Amino acid sequence: MVRSPAHFKGSQLPACLLCSVIPLTTIMNMLCRVGQIRRCAASLSQAQVVASRQKHTLPDLTYDYGALEPHISAEIMQLHHSKHHATYVNNLNVTEEKYQEALAKGDVTTQVALQPALKFNGGGHINHTIFWTNLSPNGGGEPQGELMEAIKRDFGSLQKMKEKMSAATIAVQGSGWGWLGYDKENGRLRIAACANQDPLQGTTGLIPLLGIDVWEHAYYLQYKNVRPDYVKAIWNVINWENVSERLQTAKK
Ligand SMILES: [Fe+2]
């Protein structure tokens, strides 16, 4: 029970100078106001965290949509980049916003329910961002220096590495990716395949160096159902300099 000073008599008065000059009800009202202000401030800071979070954006290509022809058509590149990748970016931003809200509320059930969307759209954004830089109109040929030495050491030759990666990539059931990755544990290169948009590092621990997208949106308009022809052609536009740079970064 809240008692005002009128309820106290003689020695019952609280030994508080503040209470002796300001009615207790006024003090209680002031404390309530402080609590409200604190709660408002907490809500505001949560909203600011959500609002100030950096949004993901679609990265620009460093070459024209038609620059990889005849190996990958301009129509495929345009749809693939401006529609498919853009959709992963948009859905990742929406998912992250919902996740931040759930985090702020301490809503673990919603956080768990959002994990598949985070993996799918986050993986889609990560994978495609790497993919565009793995390709170049001036690509093809052979890698140089340390990358070539590592390929020879771990696969025997460039040709054997390409054969092994092509086979693993073509064999992906449904939609997915073939990868050349770096195993930081033993310093070696490895071939791997991932289903759907599962990101290589997040699901296997391998650091991605070179990815081949074998979702049908990556080749169907040009190669129809003949995935092996698409995988064979893509070696003509592989940007080995980018793969080499990724290896150097991965080894640090
Ligand atoms: Fe794709």
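Note that Cβ sites are derived from N, Cα and C of the backbone, with glycine treated the same way.
Under the heading Mn(2+) binding site, TrEMBL lists His80, His128, Asp213, His217. Residues or ranges marked as domain 'Manganese/iron superoxide dismutase N-terminal' by TrEMBL: 55-136. Annotated domain 'Manganese/iron superoxide dismutase C-terminal' per TrEMBL: 143-246, in sequence order.
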Exercise. Which entry in the list of binding-site residues, His80, His128, His217, has its Cβ near the fewest other Cβ atoms, using 10 Å as the limit?
Worked result: His217
Exercise. What are the non-local neighbours of Asp213 (Mn(2+) binding site), defined as same-chain residues 6+ apart in sequence with CB under 8 A from its CB?
Worked result: His80, Asn127, His128, Phe131, Trp177
Exercise. Around the Mn(2+) site recorded as His80, His128, Asp213, His217, what other same-chain residues have a C-beta within 8 angstroms of the site's C-beta center?
Worked result: His81, His84, His85, Phe131, Trp215, Ala218
